Amino acid sequence: MSLMLEPNPTQIKEERIYAEMGLTDEEFAMVEKILGRLPNYTETGLFSVMWSEHCSYKNSKPVLRKFPTTGERVLQGPGEGAGIVDIGDNQAVVFKMESHNHPSAIEPYQGAATGVGGIIRDVFSMGARPVALLNSLRFGELQSPRVKYLFEEVVAGIAGYGNCIGIPTVGGEVQFDPCYEGNPLVNAMCVGLINHEDIKKGQAHGAGNTVMYVGASTGRDGIHGATFASEELSESSEAKRPAVQVGDPFMEKLLIEACLELIQSDALVGIQDMGAAGLTSSSAEMASKAGMGIEMYLDDVPQRETGMTPYEMMLSESQERMLIVVKKGREQEIVDLFEKYGLAAVTMGKVTEDKMLRLFHKDEMVAEVPADALAEEAPIYHKPSKEAAYFAEFQQMKMETPKVEDYKETLLALLQQPTIASKEWVYDQYDYQVRTSTIVTPGSDAAVIRVRGTEKGLAMTTDCNSRYIYLDPEVGGKIAVAEAARNIVCSGGEPLAITDCLNFGNPEKPEIFWQIEKSVDGMSEACRKLQTPVIGGNVSMYNERSGEAVYPTPTVGMVGLVHDLKHVTTQEFKQAGDLVYVIGETKAEFGGSELQKMIYGKIFGQSPSIDLDVELKRQKQVLAAIQAGLVQSAHDVAEGGLAVAITESAIGAKGLGATVKLDGEATAVLFAESQSRFVITVKRENKEAFEKAVEAIQVGEVTNTNEVTIHNEENEVLLTANVDEMRKAWKGAIPCLLK
């Protein structure tokens, strides 16, 4: 589009062109009032992206304020590229999770790949070296050819980017439910390490300092990507492929090294990734956070397409680009540094005192807007909220235990449900050992990486059972945080903090907004109780296809500190003769369970209950026992219940099984999904010390029979399962469905 064809301010108003960009009538009137005149085409574009839900959180801010965001270890909470938590010895961990759902629904390979690239930039823009990646994925049922295609391409995109850039993808989760058929969820998380003195902020301080553009050149890809992410998917979304960016991991690898070297220089004042809304968000936010203004000369923007307009340059979401502010007079050092890595570094503006964002192109001023108006003054909406119609009905249901004829066959079938089955097909495509710091690889409760030069480790996980949250958003929200912490504890880590990715449907629907409010209430309560503040995250709304929303899916990414690598614990049995313990009571809780879904083909009723005081007490006891060296293996009891958890601990070992006795109604003790439960094994000589430290019931022992045998309280055999047969079924389920 050439400048001649852009509508003038009067046309923008009269023909409601602003509405096509995503602004409402009221918002356009606000823009007019802020500027004291009608905005031109470029200015309308700036407001439309910065005031989109994706950039401004205008529909979710009132809810997000409920999260606890401070703690004695928190060095940086929400508001910067990523959050930062102190881990002692002048070191800190930097982490964040973000969604790339809409792009991945349209162009799954590039959508997923650029999601990984974007989250990596958020972490190294803080000054940290990225050391690990995780992801949380949701798809429809694998029987559908379209879902198979999305699944295969998303995984390939994550692998393609992560492997090329040389950062290990160490963990995550994949779940399958029909509601994600048309709108998959792709949440990517990056974890980095930093020394305290290297922490950088995305702020443009110092009038007269120089604004520079570094990294890849700008094209027309991703224009209005932030607006695209703030609307529902529909049949016409396929036509929006141009809105999906294309990533170059090799360019990003060079960009990481160049930026980390730059951060060691005292020439750098501020640095920010050009993410959603590209140059617009990075310039407006850096100026606004510093209480300054910025002038930019768009003729100097490196462009890989001809005839780009100011509108296109400002709204492009081309990848692998950063905006930096450097001390005046030090520009040549920066150019030389980036040249060494084969990258462009171009002076394109300066910091001003008057808080305005001014853009010049071809010797003309093409936009003049207060930086705060873009970055901070988006309208905040308190959307109407209404309890979902299904909720009261589910709460009143009398829950019956699903009928199970053959316990062994049921266990075998559960192990083949894609949500429970081995994800080896997924993580075998990821290089999870690159950088040689990975101590616990994918497949256990949490991944663990070594903090080099110390005896410490970082445990990390992503968790969210969206079925529970659909049935009861508040309780489900508590469970998501509690399960993440349980996974960290089972790996020998002390839970530190969380990042979240709130994936929901259209917030303008009162029942969806109710889901958002309630799940955040539950998560906030759990974060306070477990002392894991929220240090950052992302909101992804409008996850709907043809009016049908996905399950509410507020994914939790949690990092924990392993104080000594001797404490690292995994889920698989270690040796025959070890004693098997179960911590926690089992109730007949089947709402949202894998068994319920498998037998009835749908979920209904009440989600499992959770008592956060009990959860905290058990986690503290288990962690103390692990740190005292009393625990051989630890596994949290999740999808599929105790029978699945015990079998998973046997599958991970070689040639080991277990004989256990479980009291209570058979279907419940085997397959119910009650919360706050662990399966722990302990050496026989540690029996007394362990039982003194932890409230647990010894249920049996690890055997070298390669069989899992479970008895009831009358000592009748409920099931005997050959571990090799179970492993084969569990490992083969996903590859079999993809054939």
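Think of each number as a place in line: the chain as shown, counted from 1.
Note: Cβ is positioned from N, Cα and C throughout, glycine not excepted.
Sequence annotations record features per position, and here Swiss-Prot assigns active site to His54 based on sequence analysis.
For the recorded site, His100 (active site, proton acceptor), the DSSP three-state label reads coil. Among the features that Swiss-Prot reports, active site, proton acceptor is placed at His100, with the record citing sequence analysis.
Residues annotated as ATP binding site in Swiss-Prot: Tyr57, Lys96, Asp500, Gly537. Cβ environment of Gly537 (ATP binding site): Pro78, Lys96, Met97, Glu98, Ile498, Thr499, Asp500, Cys501, Leu502, Gly557 lie under 8 Å away, each six or more residues apart in the same chain. Secondary structure at Gly537 (ATP binding site), as computed by DSSP, is strand.
Annotation source Swiss-Prot lists Mg(2+) 1 binding site at Glu98, Asn538, citing sequence analysis.
If you look up Swiss-Prot, you'll see Ser99, His100, Asn101, His102, Arg121, Gln245, Glu317, Ser318, Gln319, Ser540 marked as substrate binding site, on the strength of sequence analysis. Residues near Ser99 (substrate binding site) in space but far in sequence (CB under 8 A, at least 6 apart, same chain), listed by position: Gly115, Leu185, Val186, Asn187, Ala188, Cys501, Asn503, Asn538, Ser540.
Swiss-Prot lists Asp122, Asp273 with the feature Mg(2+) 2 binding site, giving sequence analysis as the kind of evidence. Under DSSP, Asp122 (Mg(2+) 2 binding site) is assigned to a helix (H, G or I) in the three-state scheme. Neighbours of Asp122 (Mg(2+) 2 binding site), defined as other CB atoms within 10 A of its CB across all chains, total 27.
According to DSSP, Asp273 (Mg(2+) 2 binding site) sits within a strand segment. Between Tyr57 (ATP binding site) and Asp273 (Mg(2+) 2 binding site), the C-alpha separation comes to 18 Å.
Of all residue pairs in the ATP-binding list (Tyr57, Lys96, Asp500, Gly537), the one with the greatest Cα separation is 17 Å apart.
His54 (active site) sits 11 Å from His100 (active site, proton acceptor), taking the Cα positions as reference. Counting other Cβ atoms within 10 Å of each Cβ, the lowest count among the binding-site residues Glu98, Asp273, Glu317, Asp500 belongs to Glu98. Take the active-site residues His54, His100: by the count of other Cβ atoms within 10 Å of each Cβ, the lowest one is His54.
Of all Cβ atoms in the protein chains displayed, 28 besides its own lie within 10 Å of the Cβ of Lys96 (ATP binding site). Annotation for Gln319 (substrate binding site): spatial neighbours Thr114, Gly117, Gly118, Ala216, Asp221, Gly222, Gln245, Val246, Gly247, Asp248, Met251, Glu252, criterion Cβ-Cβ under 8 Å with sequence separation of six or more.
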